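Trainee: Got these off TrEMBL a minute ago, pasting:
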TRANSMEM  A:21-42  transmembrane segment
TRANSMEM  A:48-68  transmembrane segment
TRANSMEM  A:75-93  transmembrane segment
TRANSMEM  A:99-121  transmembrane segment
TRANSMEM  A:128-146  transmembrane segment
TRANSMEM  A:166-189  transmembrane segment
TRANSMEM  A:223-248  transmembrane segment
TRANSMEM  A:260-285  transmembrane segment
TRANSMEM  A:297-316  transmembrane segment
């Protein structure tokens with residue numbers, strides 16, 4: 001009866017099954033330790049490079065959120081807006097009410113997630129380019145909202161002199177905080193992707209009607225994915241607010257939202273490491289090639305076209321081979 | 001009381017009346033087929049019953065409770081589960097993964113429990129895997145359960161679609177053209193499979209083109225033409241009904257299974 005060649009058994013894991021591959025786990029632990037210990041030791045007296053890596057870590061963190069919305073089949077170009085929301089929540093709470101950063105951080109995540117739920121409920125019915133377009137305009141709408149926020153957001157002058165977190169003042173300390181956030185974010189997203197929730201997300205990407213036919217509350221799961229993504233955007237924004245000690249309506253533009261999405265595309269949508277690989281490659285490359293920064297938008301545009309044409313499944317598809325993991 | 005009651009169901013798309021005042025009952029444990037010429041409104045009727053469309057007028061009752069107008073996933077929760085035409089499965093998942101995911105309604109753990117892999121969530125998944133394997137074995141897909149769905153031949157995909165629906169433990173299974181595009185040998189197998197599902201206590205309602213298979217398998221048949229019910233009864237009665245013969249006028253005799 002077999003009319004087509006059958007590939008060897010797929011390697012993806014199933015819900016509820018203990019994860020295979022102790023080797024990969026060990027590799028991940030070693031990589032995390034290197035990033036947490038070896039890198040700061042090596043770069044201790046080179047704060048510029050530490051700052052570049054700090055940036056890359058938190059940009060990866062925000063892109064991980066975008067990656068989650070990709071798993072339900074939505075192109076999310078709103079992450080800049082939610083980073084901005086998280087940033088302003090932290091800025092306002094810490095400068096006006098003197099709240100410590102460690103409280104501002106979770107608050108920022110929660111506020112961003114709640115805004116994400118409120119906005120997501122209506123707009124997540126849209127798909128494809130329509131959803132992408134509306135999220136793109138959302139970035140601009142949120143920027144305008146903060147620009148016209150009166151005394152609360154201080155308009156174009158923004159909020160400055162945001163206090164640094166207790167005990168985190170040096171580049172090394174910020175680097176370590178960012179690295180820890182990135183590792184926690186990776187674990188949280190991986191957990192999500194390998195749990196039943198992740199399986200339901202992927203089923204939505206493939207066919208929402210089929211998922212509804214066996215009882216999945218499609219609207220609810222879509223919003224869960226979007227809120228998770230927004231919370232990660234909020235955390236990233238909160239971090240950048242205290243890292244730069246300021247926030248302006250111009251801190252996040254449509255370009256930033258597009259970049260978050262581009263990191264996912266470049267690294268690959270099929271693996272949770274995709275956005276991290278994409279973000280680190282692009283951020284570091286552009287820091288090293290300082291001269292090119294004025295052409296960043298152009299080069300990103302070209303890169304995006306090239307990636308979509310020749311590597312539609314991202315850089316990580318090279319290593320995994322045959323595109324079989326998709 | 002009938003298990004499922006279709007009452008004065010009407011669906012208009014603009015000026016077009018796709019389904020016009022159709023009523024019939026589905027008894028528990030029977031196989032009931034809806035047939036009709038092309039464009040008769042069978043598919044619309046099917047979607048109305050599964051609540052993938054909202055009726056313009058009329059209603060669908062499950063054990064006396066109105067289910068029309070509810071969201072599809074709520075209707076599925078109540079036990080009315082549909083399949084899709086052709087090869088609608090999750091192509092990027094293996095056969096087993098398709099059916100494991102489809103056990104969603106049986107999930108006892110909450111969302112947080114699932115996220116943090118609580119003992120209950122683990123127990124859920126373990127039982128889903130066992131149950132999914134059993135369903136696949138039963139439908140003759142046991143030997144390909146670790147194959148990615150997109151690598152499976154068409155005939156297998158239809159069965160996999162039914163396996164996905166079975167995972168939701170339906171009381172009423174709605175099959176959308178389960179025999180379309182099959183060769184005689186595949187049809188034989190599919191007919192046996194559908195009978196087997198009924199013998200498990202599941203009521204089957206199917207929409208189908210393929211007349212000989214319908215005549216073989218159905219306990220009762222509802223005939224639709226131009227959105228209106230023109231006949232209802234046993235295969236024997238429907239086959240000899242003048243209105244049905246009229247509706248299929250021009251068709252070969254054998255189309256009606258003579």
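Note that Cβ sites are derived from N, Cα and C of the backbone, with glycine treated the same way.
TrEMBL: automatically predicted annotations, no manual curation.
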Trainee: Should anything in the same chain at least six residues away from the transmembrane segment (A:166-189) have a Cβ under 8 Å from its Cβ atoms, list it; otherwise answer none.
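Mentor: Answer is 32, 35-36, 39-40, 43-44, 47, 50-51, 53-54, 57-58, 60-61, 64, 67-68, 100-102, 232, 235, 239, 242-243, 272-273, 276.
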Trainee: So which of A:21-42, A:48-68, A:128-146 has the most C-beta pairs under 8 Å when paired with the transmembrane segment (A:223-248)?
Mentor: A:48-68
Trainee: Residues sitting near the transmembrane segment (A:128-146): Cβ under 8 Å, six or more positions beyond its termini, same chain?
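Mentor: Counting only partners 6 or more residues beyond its ends, the transmembrane segment (A:128-146) has Cβ contacts under 8 Å with 74-78, 80-81, 84-85, 88, 119, 153, 249-250, 252-254, 256-258.
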Trainee: Restricting to the same chain and to residues at least six past its boundaries, which positions have a Cβ under 8 Å from a Cβ of the transmembrane segment (A:75-93)?
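Mentor: Same-chain contacts beyond the ends: 62-63, 65-66, 69, 99, 101, 103-105, 107-109, 111-112, 115-116, 128-129, 131-132, 135-136, 138-139, 141-143, 146, 149, 152-153, 159, 162, 226, 229-230, 233-238, 240-242, 246-247, 249, 251-258, 260-261.
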Trainee: Residue list, the transmembrane segment (A:48-68) vs rest of chain: Cβ under 8 Å, 6 or more residues beyond ends.
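Mentor: Long-range Cβ neighbours of the transmembrane segment (A:48-68): 39-40, 76, 79, 82-83, 171-172, 174-175, 178-179, 181-182, 185-186, 189, 192-193, 201, 225, 228-233, 235-237, 239-240, 243, 259-261, 263-264, 269, 272, 274-276, 278-280, 283-284, 287.
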